[in-house]
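Just passing along the structure, written as structure tokens.
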């Protein structure tokens with residue numbers, strides 16, 4: 001039996017989505033192969049013994065409390081979870097699956113903790129996680145790899161969008177937190193008079209804001225997966241349908257998780273050469289950011305060709321999430337996908 005800690009919740013604005021993803025993952029882990037230790041992180045940052053079903057039928061579940069635990073950062077007690085108050089050892093795991101979206105989970109911070117502990121973990125490491133989380137640095141790295149990205153302006157704390165940038169970007173624009181996911185804090189601006197409000201909303205999630213020009217084209221996603229022998233493979237692509245018909249006017253948080261307006265064509269109905277180009281670019285982006293394990297790479301497919309939007313190092317694993325659906329269409333079941341992710345994490349650590 002492989003003892004695995006599934007960590008979910010967290011301090012980011014994507015707390016509830018993390019709980020839903022973790023619930024789906026734990027329901028699909030083979031009980032004959034894995035002994036699961038669920039560990040929830042409250043919105044305040046407390047680590048607690050969690051539940052195998054953290055959703056409990058709720059639309060937006062959350063971790064509210066429980067017995068507080070701590071992961072040892074000593075390699076001599078690698079993978080050991082103990083009572084946070086008494087220090088009593090509770091369980092020792094072989095590998096960790098951090099199902100955490102957003103800050104303090106997908107940004108390299110918790111990956112650094114696992115590195116200190118010496119415990120194997122699923123997903124990209126510190127550097128790749130940090131760079132993929134920050135949209136400014138994602139764009140810089142993939143540009144260096146020769147890939148097209150969306151045109152943008154970066155606003156640090158207190159900065160405003162000047163007239164030259166407005167003229168360069170045009171309308172409409174999308175305003176986003178530089179480090180965020182699930183489209184939380186994202187706005188579509190069709191009038192410059194609404195820009196300040198959109199920037200203020202984005203700053204609730206991150207002090208640095210990205211303002212991007214709108215691209216006309218299909219929204220396409222591709223899954224990337226590393227195997228235990230180091231091979232990296234891309235799934236068939238998925239095309240999102242109906243995003244412009246949602247009340248948000250784009251693939252926003254409510255459209256993704258609370259409405260049923262958007263469907264996906266999996267595999268996307270493109271010519272074979274287009275599909276192969278998307279898959280090749282997804283792997284190139286994965287390598288440009290030094291990713292390991294897994295990632296989902298999002299594109300706009302325009303008249304000029306694919307343009308990279310972003311890279312997600314811990315994509316959603318809910319029942320409607322694109323990443324497991326794309327791999328299912330590629331011939332890899334949800335359980336097989338999890339087996340590969342875990343086996344790759346163990347192989348990478350030499351265990």
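Heads up, the Cβ atoms here are built off N, Cα and C, so glycines get one too.
According to TrEMBL, the protein carries these features:
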type	residues	note
ACT_SITE	14	active site
ACT_SITE	182	active site
ACT_SITE	321	active site
BINDING	135, 174-176, 182-183, 212-219, 309-310	ATP binding site
BINDING	298, 310	Mg(2+) 1 binding site
BINDING	310, 312	Mg(2+) 2 binding site
DOMAIN	139-343	domain 'ATP-grasp'
Consider the recorded positions 212, 214, 298, 321 and say which one has the Cα lying nearest the Cα of residue 14 (active site).
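Result: the closest of the recorded positions to residue 14 (active site) is 321.
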Could you say which of the binding-site residues 175, 216 has its Cβ with the most other Cβ atoms inside 10 Å?
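Counting every other Cβ within 10 Å of each candidate, the maximum falls on 175.
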Output, ordered by sequence, the same-chain residues six or more apart from residue 298 (Mg(2+) 1 binding site) with a CB under 8 Å from its CB, or 'none'.
219, 220, 221, 222, 308, 309, 310, 311, 312
Note the mean pLDDT of the domain 'ATP-grasp' (139-343), expressed as a whole number.
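Mean per-residue confidence for the domain 'ATP-grasp' (139-343): 92 out of 100.
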Sequence gap of 6 or more, C-beta under 8 Å: which same-chain residues meet both conditions with respect to residue 321 (active site)?
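The list for residue 321 (active site) reads 21, 24, 315, given in order along the sequence.
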Does DSSP give residue 218 (ATP binding site) helix, strand or coil?
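Its secondary structure by DSSP: strand.
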If you draw a 10 Å sphere around the Cβ of residue 218 (ATP binding site), how many other Cβ atoms fall inside it, taking every protein chain shown into account?
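The answer is 19.
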